[in-house]
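Supplied in structure tokens, the structure appears directly below.
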Amino acid sequence: MAPFFVNALREGWYAFTPLERRNVALYILGITIYKFGLEAFNGSMVALATNRYDYDAMRTKTPAKTFQRVGLMVGLNQACQCIGSILIAPLIRRFPSRILLSSAVLGFAFCSALLLIIDASTGGTFAPASFRIRHPKHDFHYYGQYDTDGIIPAYCVAGITYGMVELMRRVIPRDLVGGDVTKLRHLDALAHIFYEASGTGGAFCTALALIPFFGNNYSFLITPVCFTFAALSWFLLTDPRFQSQSTQVLERQPPYIKAVTVGFWLFVESIWTGARIIFTSRKFMWLLPGYSVAFYAHRYLENAVAPAIARRYLGNAAWSQIIVGGSNLGELLGALFVILFTNLATPVPWLRFDAIMLLITWYLPFWRPQMEVRAAWVAAASFIPISFGWAAGDVSLAAYIQAALARVESKAHRVSALGAVMAFLYSTYIVIYAITSPILGSYIDHVYSETGGFENGGNIYAAIQNVAGVQFTIISGLVFSSTFIPRGSLAFNPKMLYKENLAGELDLERVPSEADLRK
């Protein structure tokens with residue numbers, strides 16, 4: 001197995017030209033550092049908000065609205081990611097991807113430091129040394145004295161830059177290695193391996209070292225530093241394929257008004273272009289449930305289900321990062337399998353596997369763990385196969401989207417077709433999350449209060465049955481059925497969809513009319 005894996009990595013590495021290998025190495029270095037800082041930031045923010053809202057409810061003796069507010073916080077962050085991803089999509093044709101990516105992650109670094117500054121300026125300190133071995137369940141006196149709702153706008157501002165980085169991270173591989181689906185699959189898989197290895201390490205490090213030592217109000221001190229080094233690595237990339245295309249819109253307007261108006265117009269056009277490509281073509285229609293809905297399920301599992309399990313089942317919000325670490329390990333293994341099993345030529349088998357693995361969540365409503373850290377490791381282990389399926393599908397589907405859209409890239413003169421479709425799919429996922437997360441979070445809080453709350457041993461078993469078991473069963477059926485939409489997908493392991501060979505570089509095709517997209 002090991003020699004086979006090494007040979008697969010070597011074969012994938014030498015499929016690139018020397019210049020491409022340099023770019024791939026710098027890109028992967030940057031993404032590895034970025035992911036480590038990102039895990040520290042997101043994990044700390046969710047744990048911080050969870051603890052602060054619980055602490056506020058206990059001090060004021062009011063019903064907890066913890067997961068409603070945390071869901072709102074994460075949901076608004078996702079909505080701001082939507083804004084960021086769409087705002088940067090029109091710039092893809094005007095500026096090199098490396099400049100956009102580096103600038104976005106530097107902005108994210110600054111935004112991630114805002115709450116550190118706020119907490120320090122309002123009397124916050126590191127967690128007391130006596131809390132490092134065993135943290136009291138409801139004592140967070142060392143937090144800064146600011147309104148907990150203030151976390152929400154700060155997290156939203158960070159979400160705009162986060163969305164920019166995430167969209168560029170999905171678009172830039174095509175700029176580095178071209179439209180060859182084989183190279184794209186190798187690059188996406190390699191990047192995913194290092195990304196998830198770093199994410200796994202970052203999640204475990206946050207839960208087991210950073211939060212216990214610093215407290216989750218300061219455990220993301222490393223985030224701005226990591227983001228700065230990632231920006232430097234990405235700035236050193238070269239992009240020989242980039243050709244700037246000036247937008248010929250409202251030429252006579254003054255510079256500032258022109259920039260604002262053109263930015264809004266291209267924002268609308270990017271959404272319209274992506275939606276038109278998706279909804280007017282059977283070839284791309286299945287990507288909406290296959291990518292956006294599956295992505296939503298994965299993120300809801302990590303950002304909502306894991307914190308609820310950690311806080312309400314196990315009594316320690318920081319342990320949600322142990323569970324997320326298991327999820328990241330599953331993503332790492334999924335990316336590895338995409339490299340090893342190259343005989344799966346399309347993303348269809350992986351998406352079907354992903355849909356089936358979502359059903360594992362049905363054990364959660366009936367699980368009665370002890371409030372010990374080993375229970376968090378059990379939950380982490382159960383998340384591995386779920387995230388394995390999602391990551392394998394995500395890697396192969398991303399390569400398919402990039403290669404397929406490279407053939408119609410010239411259709412949109414002002415907006416990149418690839419950028420528009422990825423922006424639309426990514427925005428659809430975060431709009432779904434922004435709507436459902438606070439609603440389902442409010443339901444979790446309601447069940448907790450109805451069953452006794454803080455004072456009378458409340459639980460959320462019935463809520464988890466619905467928000468995890470029932471919801472993921474519906475999503476599983478939707479994703480699984482969508483894999484039968486493309487032509488040629490009825491086989492267990494289709495060799496090609498639409499009899500289209502995406503291996504190798506092809507000239508970009510001009511799509512003269514919308515009728516071509518309906519073929």
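Just so it is clear, glycine is given a Cβ too, placed from its N, Cα and C backbone atoms.
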Per TrEMBL, which of 24-49, 388-413 is transmembrane segment?
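It is 24-49 that TrEMBL describes as transmembrane segment.
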Please work out which recorded stretch in 70-92, 98-118, 220-238, 322-344, 460-485 has the most C-beta pairs separated by under 8 angstroms from the transmembrane segment (417-440)?
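Per the Cβ count, the answer is 70-92.
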Look over the recorded stretches 70-92, 98-118, 220-238, 322-344 and say which has the most C-beta pairs under 8 A to the transmembrane segment (24-49).
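It is 220-238 that shares the most Cβ pairs under 8 Å with the transmembrane segment (24-49).
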Counting only CB pairs under 8 A, let me know which of 70-92, 193-214, 220-238, 322-344, 350-367 has the most with the transmembrane segment (460-485).
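Checked against 70-92, 193-214, 220-238, 322-344, 350-367; highest Cβ contact count belongs to 350-367.
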Taking a Cβ cut-off under 8 Å, which residues six or more beyond the ends of the transmembrane segment (322-344) line up next to it in the same chain?
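Apart from its flanks, the transmembrane segment (322-344) reaches 4-5, 8-9, 12, 39, 43, 185-186, 188-190, 192-193, 195-197, 199-200, 202-204, 207-208, 298, 301-302, 306, 309-310, 350, 373, 376-377, 379-396, 493.
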Counting Cβ pairs under 8 Å to the transmembrane segment (220-238), which of 70-92, 98-118, 193-214, 350-367 comes out on top?
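That would be 98-118.
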Counting only residues 6+ away from its ends, which parts of the chain sit with a Cβ under 8 Å from the transmembrane segment (98-118)?
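For the transmembrane segment (98-118), the far contacts come to 34, 37, 41, 45, 48, 84, 88, 91-92, 144, 146, 150-151, 154-155, 157-158, 160-162, 164-165, 168-169, 172, 217-218, 220-221, 223-224, 227-228, 230-232, 234-239.
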